[in-house]
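Pasting the relevant annotations from Swiss-Prot:
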- 180: active site (ACT_SITE)
- 81: substrate binding site (BINDING)
- 169: ADP-ribosylcysteine (MOD_RES)
- 1-50: transit peptide (TRANSIT)
């Protein structure tokens, strides 16, 4: 439920003054008045009695309640605007009740499927596998969210990740509701044959309950899953319940190219992390607050987690001039102040199965999260940055490559310490953005650019010829004496953009546009470096608008 307890809890006539001078200053700032206090979202939530629902376990909060707490901060900021923007013939009180009612609808997880099924292992023994699929919101359909294989999967985790997917899709304007799935296994303990059995059976269980389909719910890769598992899912669905559905392969994204996948999907999340950092690190106003110069040129960074997201984030930052000085994994960390080459480290890990022992770096003692660097990229799992270690973090920019790596208490500490946190619901949205492109490709049954490649190339050459002929007529020259020659960059462009070029361009545009929206919201509400609350405000506004304009039918 939406954690708003009502004005009855305030003394008669209470308002901003009830917060004291500091709280009133914060509230005034949230309404656009100048003030020096740094966290208006927290103060306004306190005044309106939005529950900071994570207070029960400050250093290890319930993951779903943690996301709800962040939602409440954004809701407390944007509520007045939502009331003001309602174009209904209702009183102020009725409008506010309507707004709060819709916000209550947005917050909970709509459906959670818990299931178990048996498999026969290669040694002849039998095992019961547990799995979950949570659908947070159907304000847009289909629902969208990854499938992870982990022994630590829980109902709380998939609910939290599903809710994050709803807000993430809204932030980057991808028309999906949020969902997430988890299978409670450690994939390292199973053979490929056993993993295929588990994946195909899990797909059938989802299909029987109506939790998968091109227009219903579309999974994607996540922790410990990739193209292989997505291909099994697509084949299982298309061969059974989707046998008569021409769009059957759109039931899942992150597939191999031969199965309807899209170029650029594997690197999409890491590339999105790079673009997310790029948009803020090149913004002089934010860099001046942090006491840093714009650009990647002189920056150092640390990556926690050398999986798909960590590797590709590292690649792109390295390519644009930043220096990776440390990488951390679950079995240990390595350090080299002169820099670590991502390709060399990737090759070493593929050969040895671990980053430990990499000859061009030394073992790092202590927490990699507390290493001295400019940019920290936590790309492992949730709740890594907590109240305990946040005071010792030395980075000035934290880019949340993982989902939910920062607890609310740590988030408050970072704001107090003037550390910029680029939030997960924006910075790791590259994966779902490119999944959206793949889903559209599957529905259209044609790859991007195939219908226009040659036409665009010929049009560009005709344009150059037209310019050349016009100049020759003007100066009385004929026969190609004033040749118009394209530059090398333009020549590459007009020779025909590949599908990967189109995907990369669209992803960069999406991340840039979303970053500008977050910056404008942060400026509008005087949120300073509280980019997370700004992103939640944007997400809440967009989801609220869908519910408000569609109407709440069956109530």
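Here the Cβ of each residue, glycine as well, is placed from N, Cα and C on the backbone.
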If you run the three-state DSSP split on residue 180 (active site), which class comes out?
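Where residue 180 (active site) sits, the three-state DSSP reduction gives strand.
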What whole-number Å value do you get for the CA-CA distance of residue 81 (substrate binding site) and the residue listed as 'ADP-ribosylcysteine'?
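One finds 21 Å between the Cα atoms of these residues.
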Counting across all protein chains shown, how many other Cβ atoms sit within 10 Å of the Cβ of the residue listed as 'active site'?
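That number is 30.
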What is the number of other Cβ atoms found within 10 Å of the Cβ of the residue listed as 'substrate binding site'?
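15, counting other Cβ atoms within 10 Å of the residue listed as 'substrate binding site'.
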At the Cα level, what's the spacing in Å between residue 180 (active site) and the residue listed as 'ADP-ribosylcysteine', rounded?
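With the alpha carbons as reference points, the distance is 13 Å.
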